[in-house]
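Here is what TrEMBL records for this protein:
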{"type": "TRANSMEM", "residues": "A:20-40", "note": "transmembrane segment"}
{"type": "DOMAIN", "residues": "A:22-252", "note": "domain 'MacB-like periplasmic core'"}
{"type": "TRANSMEM", "residues": "A:277-298", "note": "transmembrane segment"}
{"type": "DOMAIN", "residues": "A:282-404", "note": "domain 'ABC3 transporter permease C-terminal'"}
{"type": "TRANSMEM", "residues": "A:325-353", "note": "transmembrane segment"}
{"type": "TRANSMEM", "residues": "A:373-394", "note": "transmembrane segment"}
Amino acid sequence: MKLIFNIAWTHVSTRVRQTLVGMAGVSMGVGFTIMMAGLMQGSQLDFLRQLVDTMPHITIEDERRSVPTQPAEQEYGAVQMADIANVSKRPGIKYPETVMNSLRSWIPGDVAPSAKTTAIINHGGARIGITLTGIDPRREVQVSKLASQMREGKIDDLSRAPNGIIMGEALAEKLGVKAGDTVLLIGGQGIQLNSTVAGLYRSGMKRVDESQIYSLMGPAQVMMGQNGVVNQLRLRLNDPMLAQKVAAQVEAQTGYKSVSWQEANADLLSSFTVRDFIVLTVMGAMLLTSSFATYNIISTITHEKRQDIAIMKSLGMREYAVRRIFIIEAAIIGIVGILFGWVLGYLLCYGWSKITIFSPLTGTTTPISIHYSAMHYVVVGAISLLCCAGAAYFPARKATRVHPVEIIRGAS
Amino acid sequence: MTEVALQAVDLVRRIEGDVSHTLVNGIDLAVNKGEFVAITGPSGSGKSSLLYLLGLLDAPSEGEIMICGQPTSKLSESERADVRLTKCGFVFQFHFLLPEFTSLDNVLLPMRAAGVMAEGAMRERGLALLGSLGLAEHANKRPNQLSGGQRQRVAIARALANRPEIIVADEPTGALDTKSTEQVFSILRDIADNGQTVIVVTHDPALAARADRRVHIVDGKIAEITERGGAELVSPSIAPCEISHA
Ligand SMILES: Nc1ncnc2c1ncn2[C@@H]1O[C@H](COP(=O)(O)OP(=O)(O)OP(=O)(O)O)[C@@H](O)[C@H]1O
Ligand SMILES: [Mg+2]
């Protein structure tokens, strides 16, 4: 083994230029792949973080996923009812406080009630459909980041202004209103309410900022025409990744439709999957391409070393031992290349993280978010090493398979 | 009764293909331990082909080679490699030394590949071998820093490294001047006198005459065997197919 390593080392160390080219190839492949992984996961996590911060992790609605079984069905096995509208006669979650208390006892997080309805906001001729969510300011802080997203005013200001509402900056801009202005809300049943803009927030999600308005429970219930109704419970979990599991448990316990943030954003998340697939393919191709330099070098060396291979085999060295020489050479090139690639990858990521971009959407300048993960380095390194080994294996196998007699005859 | 180091029985080596060709065509030969055999014959007569078979570098199409009484025809490629490593030493017309390594490292190669000796013992033996071939001061030179004769002597030292039973040499002096040729032959003669078996292919009749036995090959068959001193054992007038399987 020492002998094999010795020969391998001699081959690569006497070909400095070629070896360096090979190492540079591997380094660049590894470096850029790590950079891409960091950028991709960074932006993805950034987006998810925003999503998770902005949205309740689980929303419990006052509806059921399927039509409840009818009394006749419960009574008689043969009866099956069809075409029943999935509408409960009375809106709202029954005994919301009891449900919340029972949930609080086991969910790893907190829960708050809200009253959600749709309305039209009318100001200076502009009419925009919005979602109005009535909240309880004291409990709201437990389940949302709204408090930290406030740009003007505080959540508590809701109770100070008459029929106070908090709207997204984006919507305020669209309507041309400022804090303190009065707007008209028109509910589904024609109920009208003069509201004061008590504060402005920005979640960073355009979709939310342009359509989500908060008020106290009272005004929202008035707009619904249902006094005292709580039609939504919103949950915040310590670990947002548990949302799907917890949502299923909540639904099983309460019978109400419980939607995790993942389910609510399934379309977005599935677009991530496609993006992941594309990026992973590109990264794999990059690593594969970067090992071509190694392939080239090992091909050249095995070709130049045909006589050495022949004599080693004729002296009695086994074929696989001779082949291993070239695999080790590729490994040397690969390992050194990967080490430099790691450094390069880190520097590239660091460089990117220093670049800030201006987002016309949010109007802020934020640094590009990079996700640093040891896993990237390990996985990219391992794949690259594998590519190098493969790149060496085939030319090495071809060269060491040759019968020594063929070469000895040719040289004599 | 002298011990037989190597015995070939009805050896045939054929090349199948577009141009089918019989390189070695039924050779029977027994070589004693410590014997120095020279193989001669016209160019293309199959001398090298025979030598590759005798050194287990090539596998016969038919027939059997026994090394120290062990049949080898059933061995796999890697088993033959193992036998070569310990039982056969090769010297070719071209030295085939590894160019990046010193003389000593080249001599150590078979010992390291066998991996039975300690590093210190290997170096000691390597230096002793080089010394005995007059290369003591060239131990740390690389092949391109040596003369043709010196390179060939390093190659001989390498062939001797694992104390093989049999040394096979294919025109080892083919590319050397008279003085180096003389030197190399004396060395091979000494090796045989020390009890190792030497089989050498040569074109030089004067050198062949110094062997214990001369085997003349024509068209892949033994045409004549001459003992030292001139006794002709097989007359060329006898048709090759009638050569007794002695
Ligand atoms: N792979 C092959 N395919 C076809 N014919 C071959 C092959 N290898 C060798 N031969 C032929 O076999 C014959 C014997 O070759 P070999 O090398 O054994 O001769 P030789 O006696 O050593 O000749 P020389 O004295 O020139 O070295 C030659 O005629 C050669 O052309
Ligand atoms: Mg020949």
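Cβ atoms here come from the backbone N, Cα and C positions, even for glycine.
No curator has checked TrEMBL annotations; they are predicted automatically.
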Long-range environment of the transmembrane segment (A:325-353) - Cβ separation under 8 angstroms, sequence gap at least 6: 4-5, 7-9, 11-12, 19, 22-35, 38-39, 291, 294, 297-298, 301-302, 367-370, 372, 376-377, 380-381, 384-385, 387-389, 391-393, 395-396, 399-400
Residues in the domain 'ABC3 transporter permease C-terminal' (A:282-404) grouped by DSSP into helix, strand and remaining coil: 96 helix, 8 strand, 19 coil
Overall pLDDT of the domain 'MacB-like periplasmic core' (A:22-252), taken as the mean: 87
